[in-house]
Amino acid sequence: MAPALDGVWGKPTSTPDWCERNYEVTVYIAEFWNTVSNLAMIVPPAYGAFQAWRKNLETRLVLCYGFLLVVGIGSWCFHMTLWFEMQLLDELPMVWGTLILVYTLAEVSKPAHTNNYYLMAGLILYGTVITAVYLTIKVPVFHQVAYGFLVAVTFFMSLRLAWQQYFEVWLFAAATLLYLTGFLVWNVDNSFCAELSSARKSLPPLVVPFSQFHALWHCFAGYGAYISILYCCQARLSHLKQECRMKLGPVGLEIEVGKSRRTSRPKSQ
């Protein structure tokens, strides 16, 4: 836990308090760098959700972007205030958004305009149980294990799709590398907080932000998750025989959909 200074949000009520020193930059933001780094989980998915909606992609794909955006906003509010209520706005959408990604990956090869209601029910039940238990026990490790299990599931599902060659493998590799790098720096931040805090005292001011490893986790994992959704979109469109390709855009990579895309919005979820 980092030393606390006085700020407008009062004493932290969240279960974790990360390695960044509280209110060091401004009294209005408890953890400045951990807060602003969430732009990596806000701007790309906001743009992706808008583009997916504009291009008439399936609702499930729009929701994948949308939940990543909610996670980014929730994480911003959490690190800005260190309130438990804002912590839930960060952590619970992580679970529910990943459940939507699991559903989307599982249904990649299914015909258009179809839904797997049994799978939906099972995933909703899983999310409901995790949410209820976490709200009861309020133990961060429980959330981390439940979320980590879902991430592992999406990894192996995505790996299976890569073997089936629905899309370019490099996209899967890029998403995996970014997320694993984020997970690595997250663990370093947790395990070596005292050493990092001591080292920051001798670092030039311009270098200090790059020593905020939890903030780097947001950047790597956030953009890795965004690319994972791109990867899922390309797999789905490839199965539907829809022309698509990756291109550079305002937020880095984005998907370009061919002109033959149907104009009516699909009813599948």
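Think of each number as a place in line: the chain as shown, counted from 1.
Backbone N, Cα and C define each Cβ position, glycine as well.
Any TrEMBL annotation is an automated prediction that lacks curation.
Lifted from TrEMBL, the feature list:
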BINDING   Asp17, Trp18, Glu20, Asn22, Glu31  Ca(2+) binding site
BINDING   His79, His214, His218  Zn(2+) binding site
TRANSMEM  32-50  transmembrane segment
TRANSMEM  62-82  transmembrane segment
TRANSMEM  88-105  transmembrane segment
TRANSMEM  117-135  transmembrane segment
TRANSMEM  141-162  transmembrane segment
TRANSMEM  169-188  transmembrane segment
TRANSMEM  215-237  transmembrane segment
Other than His79, His214, His218, the chain contributes near Zn(2+) (Cβ within 8 Å of their centroid) the residues Trp18, Glu20, Glu31, Trp33, Asn34, Thr35, Ser37, Asn38, Ser75, Gln212, Ala215, Trp217
Spell out yes or no: are there three or more C-beta pairs under 8 angstroms between the transmembrane segment (88-105) and the transmembrane segment (141-162), with each pair 6 or more apart in sequence? yes
Cβ under 8 Å, sequence separation of at least 6 from the ends of the transmembrane segment (141-162): give me the contacting residues as numbers and ranges. 91, 94-95, 98-99, 101-102, 105-106, 108, 130, 133-134, 169, 172, 175-176, 179, 228, 231-232, 235
Enter the number of other CB atoms within 10 angstroms of the CB of Asp17 (Ca(2+) binding site). 16
Residues from the same chain, set at least six apart from the ends of the transmembrane segment (169-188), whose C-beta lies under 8 A from its own: 151, 155, 158-159, 161-162, 196, 213-214, 216-225, 227-228, 230-231, 234, 246
What residues in the same chain, six or more past the boundaries of the transmembrane segment (62-82), come closer than 8 Å to it by Cβ-Cβ distance? 9, 12-14, 17-18, 22, 28-31, 34-35, 38-42, 45-46, 48-49, 52-53, 88-91, 93-94, 96-97, 100-101, 104, 218, 222, 225-226, 229, 232
Have a look at the binding-site residues (His214, His218) and report the one with the fewest Cβ neighbours inside 10 Å. His214
Fill in the CA-CA distance, Glu20 (Ca(2+) binding site) to His214 (Zn(2+) binding site), as an integer in Å. 8
Are there binding-site residues among His79, His214, His218 that sit within 10 Å of Trp18 (Ca(2+) binding site), Cα to Cα? If so, list them; otherwise say none. His79, His214
